[in-house]
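Colleague: According to Swiss-Prot, the feature active site, proton acceptor maps to 34, 252, an assignment based on sequence analysis. Annotation source Swiss-Prot lists substrate binding site at 127, 301. Residues or ranges marked as N6-(pyridoxal phosphate)lysine in Swiss-Prot (evidence: sequence analysis): 34.
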């Protein structure tokens, strides 16, 4: 079996979930499972968190997959339906749909079945949702729909709740607080960062995404600073070790030049596994025997290279790419990206090992 694998720690997942429930109070947290639970395995996460009151996914395909697992927990579609006929599936499977534009509102008007819906408001993200110029008309149309359309509440999304300066997030919250809602409508505003940074935005429901998987929702630090534990650890092995003299080159296009006499390791990791060819720059670390070493040269389809300098390790030595001992956030920053991209990028051929079951 190929050495590259991701290890999913269910004990860490349960720990994070317990923390989220406590930090979300008085709200109830939704579990965000989009993109295969941020690469952690939607099936595994959903079955482990069997006390969750709500799941949130991007699209109807993800929601149907949950139902096929026998999971009957309420599910909300964060992008709503893409076609009018998907409302029939929402009714059949008992999904909640988000409504973020007038096209979707028209589909609801024409729908003869029964469905639960949430109204999405663009409070300043300027991505999805009814804008401030549209919101009055959106509410008027929502209130005019027959009782078969069961409005659950209103949702928005913060653009900058993960930053030190919360000015924009607070402006968005003030925008939402000006809305006059029916008494039974619920409010779902806070994402992972806002669960920590904006307790005044908790209201009825929060949405726990990246923090559920043990990673910091902020632009700095790592999850451990907030009591979180990484759920995913990705490891591989050294396949070969070569000694290079100073200025000797290695890899495609002679992409690496040895800065001095030393050792170069080849590891089982490539863009065929989902590891982007552009990630290695000499700044991205891996962890071997507790020491950090840089990825160098060009990532190939199945292999990458690590400069060991004067150190030497045997073939078969474990290499941690990110996770329990090498923070995913640190690797992401070095790669010029965010942790979400690292956990979601890995391809199906990467073996998965579940621990803590």
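Cβ coordinates are placed from backbone N, Cα and C, and glycine is handled just like the others.
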Colleague: Does anything in the same chain, at least 6 positions from residue 127 (substrate binding site), have a Cβ under 8 Å from its Cβ, and if so what?
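Modeller: When sequence neighbours closer than 6 are ignored, residue 127 (substrate binding site) has 157 within Cβ distance under 8 Å.
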Colleague: What Cα-Cα separation, expressed in whole Å, is found between residue 252 (active site, proton acceptor) and residue 301 (substrate binding site)?
Modeller: 11
Colleague: Relative to the Cβ of residue 301 (substrate binding site), which residues of the same chain, six or more apart in sequence, are found under 8 Å away?
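Modeller: When sequence neighbours closer than 6 are ignored, residue 301 (substrate binding site) has 270, 271, 272 within Cβ distance under 8 Å.
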Colleague: When a 10 Å sphere is centred on the Cβ of residue 34 (active site, proton acceptor), how many other Cβ atoms does it contain?
Modeller: 18
